[in-house]
Amino acid sequence: MAQWNQLQQLDTRYLEQLHQLYSDSFPMELRQFLAPWIESQDWAYAASKESHATLVFHNLLGEIDQQYSRFLQESNVLYQHNLRRIKQFLQSRYLEKPMEIARIVARCLWEESRLLQTAATAAQQGGQANHPTAAVVTEKQQMLEQHLQDVRKRVQDLEQKMKVVENLQDDFDFNYKTLKSQGDMQDLNGNNQSVTRQKMQQLEQMLTALDQMRRSIVSELAGLLSAMEYVQKTLTDEELADWKRRQQIACIGGPPNICLDRLENWITSLAESQLQTRQQIKKLEELQQKVSYKGDPIVQHRPMLEERIVDLFRNLMKSAFVVERQPCMPMHPDRPLVIKTGVQFTTKVRLLVKFPELNYQLKIKVCIDKDSGDVAALRGSRKFNILGTNTKVMNMEESNNGSLSAEFKHLTLREQRCGNGGRANCDASLIVTEELHLITFETEVYHQGLKIDLETHSLPVVVISNICQMPNAWASILWYNMLTNNPKNVNFFTKPPIGTWDQVAEVLSWQFSSTTKRGLSIEQLTTLAEKLLGPGVNYSGCQITWAKFCKENMAGKGFSFWVWLDNIIDLVKKYILALWNEGYIMGFISKERERAILSTKPPGTFLLRFSESSKEGGVTFTWVEKDISGKTQIQSVEPYTKQQLNNMSFAEIIMGYKIMDATNILVSPLVYLYPDIPKEEAFGKYCRPESQEHPEADPGSAAPYLKTKFICVTPTTCSNTIDLPMSPRTLDSLMQFGNNGEGAEPSAGGQFESLTFDMDLTSECATSPM
């Protein structure tokens with residue numbers, strides 16, 4: 001079954017997560033219209049190779065045209081309009097950068113796959129997530145639902161008792177007024193009053209019973225409000241707080257957060273019970289106005305009960321107003337909470353009290369740094385204005401599940417310029433990527449005679465003015481959400497807390513697993529720990545400061561740990577994603593470990609790792625060979641950077657890599673990917689067939705051009721090569737190489753520079769693939 005069809009069959013909570021994957025950058029309508037074709041394309045490869053991305057993008061436009069023709073035949077005007085609008089948008093945004101749309105689609109398909117896996121795992125385990133505390137959480141939720149059922153039952157029981165009290169009071173009131181009128185007549189007639197005294201005793205008994213019933217109801221109401229307080233505290237201080245913490249974790253690459261539907265059902269149920277209870281308390285006031293007496297419990301306790309239920313409902317409504325989707329720029333979906341001035345960002349708020357009567361009644365207003373103006377001025381922080389559509393009415397139509405929400409899709413920030421054209425205080429202690437700002441959402445609720453001011457805010461955001469600030473800004477978001485669940489601490493970086501390696505390691509692994517199919521292994525994390533903390537045996541519990549993580553240069557390097565790692569993450573996502581997902585890239589490995597595992601392998605065995613010295617991110621391969629004396633040698637080629645990988649895929653570099661000896665014979669030193677995977681098996685599928693690169697020439701045309709093929713070649717030194725039986729198939733013939741073919745000394749660490757050659761084929765080969 002197609003992936004899109006499988007997704008349509010998921011539960012509502014998963015469908016809501018699916019809805020959050022899509023935005024204007026890649027509309028869900030397009031995913032729906034072209035589902036089979038979209039799933040048949042290799043978007044990951046397109047995301048790493050511009051020529052293929054261009055081809056796929058133009059094919060996408062062609063598929064849109066075909067689908068438009070179908071809608072035209074069906075006279076489906078609405079779909080025609082939507083599809084035309086989508087095509088115009090895609091052309092305007094991605095025509096010059098097709099790799100961008102390829103990356104977006106590849107990520108969406110990957111997230112869809114993860115969603116299906118999560119749902120399948122939950123189904124196999126009876127609905128429990130694959131987490132050690134899943135059973136405990138489920139038990140807590142079951143207890144919470146039982147408490148909610150108990151509250152609802154007690155409310156209904158009170159409803160019945162209120163009717164009994166009302167009937168009893170009506171009887172008392174009728175008898176009292178009847179007796180009073182009869183008593184007046186008897187006084188006029190001078191009749192015997194013995195009957196009157198007997199009826200008075202009956203009225204006193206009725207009043208006693210009425211008083212007992214009233215006291216019972218008042219007592220039960222007090223107990224019910226206490227039960228509501230307990231349930232509400234569990235909902236807001238535990239369940240909702242847990243959801244908000246999981247949202248923080250999801251924002252920095254952790255496991256996807258569960259949707260809010262179940263929590264919304266619980267909160268709505270409690271709110272309905274509270275409103276019904278408030279009506280019951282109002283009913284007590286009506287009963288009191290009809291019949292009251294000395295020591296009346298309603299007179300004594302009703303005002304307090306009214307105050308308690310109103311406070312409960314107000315607080316519940318305020319807690320139920322949440323930011324469902326944190327601010328995020330659509331072009332950077334994997335890095336929320338970082339906003340660039342002048343660039344649109346989106347966000348979504350939701351009220352977890354699903355009352356139909358509130359549909360289209362709540363107008364949301366957005367502002368930034370509402371309560372921190374004085375603090376911002378004191379710290380010298382920048383100030384911003386929110387532009388775009390900064391007000392919106394909440395409704396139930398925009399969400400798939402009918403939740404009461406408002407999604408802001410067209411917001412931008414503009415900095416308020418000071419008189420000196422810069423920051424308010426040039427002596428500010430924080431750099432701009434450490435400034436934290438809050439986006440606030442406000443509205444007013446008028447419901448059943450109550451006016452409630454609602455306010456919620458985003459997690460702290462970092463505002464940048466240049467995309468080159470993104471790495472440090474994202475580091476700030478990681479550090480903040482890793483170490484605190486305080487949602488409003490905008491002064492966090494005036495004295496940033498210290499993290500432990502265990503915390504940092506988990507977050508670093510998330511940076512890979514959230515955007516690829518593979519996180520970091522223990523061995524890879526250990527290598528990173530060495531980079532941060534130096535050699536050690538056990539890094540668990542070791543402390544890492546904010547400065548060491550992001551601001552201080554690594555030992556012997558001119559850049560920080562985070563700048564180096566972030567560029568590697570970018571390299572993986574844009575250029576070697578497919579190879580990383582396959583597990584072919586060992587990536588982070590110390591040179592000592594590299595030598596240890598390769599030295600026992602046969603010549604031609606190689607591994608792929610990231611450069612430790614390239615600030616911009618580089619990837620290289622290291623192989624084992626034997627020199628003329630039979631001694632094992634470990635060699636590394638000079639790392640390939642993004643600029644080089646933009647011209648040729650890493651898989652094609654590996655498949656075509658050669659060394660050139662002094663006699664100009666080309667030999668491939670790469671045979672087996674560690675531990676023993678044949679090179680062709682691992683990388684062949686990621687290289688485009690040469691028949692596609694060079695379409696056959698027209699037999700009737702003029703003499704065909706010679707085909708060419710780009711390969712990377714490392715020249716070797718010429719010393720001692722005469723004694724070698726130079727054969728491309730004999731790896732034992734490989735010798736110690738240098739940086740050039742003029743007898744230069746080998747480079748330090750055995751690194752080779754590679755040259756890219758454009759090899760002309762003979763005319764005999766011109767019409768046949770190599």
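Note: Cβ is positioned from N, Cα and C throughout, glycine not excepted.
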Of the residue ranges 85-97, 150-162, 228-240, the one that Swiss-Prot records as motif 'Essential for nuclear import': 150-162
Distance [Cα-Cα, Å, rounded] between Lys631 (allysine) and Lys87 (N6-acetyllysine): 61
Local backbone state of Lys49 (N6-acetyllysine), from DSSP in three classes: coil
C-alpha spacing of Lys685 (allysine) relative to Lys49 (N6-acetyllysine), in angstrom: 14
Residue pair Lys601 (allysine), Thr714 (phosphothreonine) - Cα distance, angstrom, rounded: 22
Distant-in-sequence Cβ neighbours of Ala2 (N-acetylalanine), under 8 Å, six or more positions away: Ala35, Pro36, Glu39
Of the modified residues listed as Lys87, Tyr640, Thr714, the one whose CA lies nearest the CA of Lys685 (allysine): Tyr640
Secondary structure of Thr714 (phosphothreonine) (DSSP, helix/strand/coil): strand
Alpha-carbon spacing, Tyr640 (phosphotyrosine) to Lys615 (N6-acetyllysine), which is rounded to whole Å: 12
